[in-house]
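Feature list (source: TrEMBL):
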type	residues	note
DOMAIN	2-162	domain 'Nucleoside diphosphate kinase-like'
BINDING	Lys10, Phe58, Arg109, Thr115, Arg126, Asn136	ATP binding site
ACT_SITE	His139	active site, pros-phosphohistidine intermediate
Amino acid sequence: MAERTYIMVKPDGVDRGLVGEVIKRFENKGFQLLALELQKPSREHLEKHYSDLSAKPFFAGLINYMTSGPVVRNLLMITYDNAIQLRKKQTPLEVAMVWQGKGVVKAGRVLLGETNPLASLPGTIRGDFAIDVGRNICHGSDSVESAEKEIALWFPNGVLSHKRVTDSLIYE
Ligand code: DAT
Ligand code: MG
């Protein structure tokens, strides 16, 4: 199977309107978009996504950041005494994507930049748009194995694969 990676725009990137910037860079490079969905993951889902980091001192802060999106939703609630209440709730929104192409896992990490945005060169996504490590706007799988695990976690119903007309212009 062709190499695939899991790329995600985190809540800060979604709120700041940087989804298009992330997509543009992967498209410009020649990678192929296989799946894209605006998701509202639960805390448990994100703890699973970052389970390798659960022992790290920044884990709690990381999960709070990933679950406390700056998006405010108005909820109409009917309470037990039939009163209607308007509640506001923070809703984390992440844009989950699958990209395919030759060497896309490693090249995707290059497009993203270093984990710490201040150490990322201009021209990378984090280098151009972020400063703090805890607000680095995007995620990219770090190996082919974790990419497949993450794709299965975020797209449990699977991902369609299709042959592009333009492949012959991008690959020799
Ligand atoms: P990456 O996202 O570049 O794959 P990672 O998997 O090591 O980096 O860590 C996942 C996220 O956790 C990262 O995007 C931001 C946060 N993080 C990593 N190291 C951190 C640190 N030293 N302090 C605070 N947050 C950190
Ligand atoms: Mg990582």
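Any Cβ shown, glycine's included, is placed from N, Cα and C.
Distribution of TrEMBL features across the structure.
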residue: Lys10; record: ATP binding site; contacts (Cβ under 8 Å, 6+ apart): Tyr65, Met66, Glu94, Asn136, Ile137, Cys138, His139
residue: Phe58; record: ATP binding site; contacts (Cβ under 8 Å, 6+ apart): Gly134
residue: Arg109; record: ATP binding site; contacts (Cβ under 8 Å, 6+ apart): Gly140, Asp142
residue: Thr115; record: ATP binding site; contacts (Cβ under 8 Å, 6+ apart): Arg126, Val133, Asn136
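When the recorded positions Arg126, His139 are compared by the number of other C-beta atoms lying within 10 angstroms of their own C-beta, His139 comes out lowest. Binding residues for ATP (Lys10, Phe58, Arg109, Thr115, Arg126, Asn136) extend across at most 21 Å, taking the greatest CA-CA distance. In this structure, the binding-site residues that sit close to ligand 1, with a C-beta under 6 angstroms from any of its atoms, are Phe58, Thr115, Asn136, chosen from Lys10, Phe58, Arg109, Thr115, Arg126, Asn136. Secondary structure at Asn136 (ATP binding site), as computed by DSSP, is coil. Regional average pLDDT for the domain 'Nucleoside diphosphate kinase-like' (2-162) in the model is 93. In the shown protein chains, 24 other C-beta atoms lie within 10 A of the C-beta of Asn136 (ATP binding site). In the three-state DSSP classification, Lys10 (ATP binding site) falls within coil.
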